[in-house]
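Peer 1: Pulled these from TrEMBL:
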BINDING   41, 42, 43, 44, 45, 46, 47, 48, 87, 144, 145, 146, 147  GTP binding site
BINDING   48, 65  Mg(2+) binding site
């Protein structure tokens with residue numbers, strides 16, 4: 001009987017040790033993958049505000065980007081190193097200088113903008129979709145300011161920007177967004193991360 005008790009006690013000690021080791025000694029979690037993205041769009045489209053909110057920065061400290069800025073945007077399954085480029089007229093002509101090394105593109109447009117600005121945004125998006133350094137990359141297109149009365153719907157944007165014929169065969173996501181619904185913005189970025197992960201496993205990249 002005493003041998004049985006000793007055996008049971010030994011088994012119990014092994015079980016406790018195994019549980020303790022599993023809880024406390026499992027080591028650090030694997031590092032999250034990092035992706036380098038470029039974020040473009042006209043001035044006033046809301047690029048800086050969206051990225052700052054994703055980084056949990058105070059709204060009082062948000063200043064429009066005049067040149068470029070880089071933010072590390074953390075998500076549960078990835079870190080996005082986003083290079084935001086200013087959208088003023090005198091800066092857009094230099095965008096292509098900052099495309100090299102990008103693994104994905106975020107294009108933000110003001111869905112409530114004037115017809116002239118929307119036409120300019122369409123031309124800039126078309127140029128980006130066809131640029132040699134970007135044309136094979138995943139695109140996240142955000143139709144921002146959906147909380148404004150003059151905002152155009154995603155279907156209107158898709159038709160006006162001629163995305164179906166122009167971006168056929170490319171990987172792109174068009175989503176509505178506003179600062180009032182940051183959970184939807186995060187969901188849109190999660191879809192982009194999925195495209196980035198899929199690209200990692202393409203045979204040509206292995």
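Placement of Cβ uses the backbone N, Cα and C atoms for every residue, glycine included.
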Peer 1: For the binding-site residues listed here (43, 45, 48), which one has the lowest count of neighbouring CB atoms within 10 Å of its own CB?
Peer 2: 43
Peer 1: Going by a 10 angstroms cut-off between Cβ atoms, which of the binding-site residues 47, 145 has the sparsest surroundings?
Peer 2: 145
Peer 1: How big is the GTP site in terms of the longest C-alpha to C-alpha distance among 41, 42, 43, 44, 45, 46, 47, 48, 87, 144, 145, 146, 147, in angstrom?
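Peer 2: If we measure all Cα pairs in 41, 42, 43, 44, 45, 46, 47, 48, 87, 144, 145, 146, 147, the largest is 22 Å.
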Peer 1: What's the CA to CA span in angstrom from residue 147 (GTP binding site) over to residue 65 (Mg(2+) binding site)?
Peer 2: 22
Peer 1: Can you tell me the CA-to-CA distance separating residue 87 (GTP binding site) and residue 65 (Mg(2+) binding site), as a whole number of Å?
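Peer 2: Each residue's Cα considered, residue 87 (GTP binding site) and residue 65 (Mg(2+) binding site) end up 8 Å apart.
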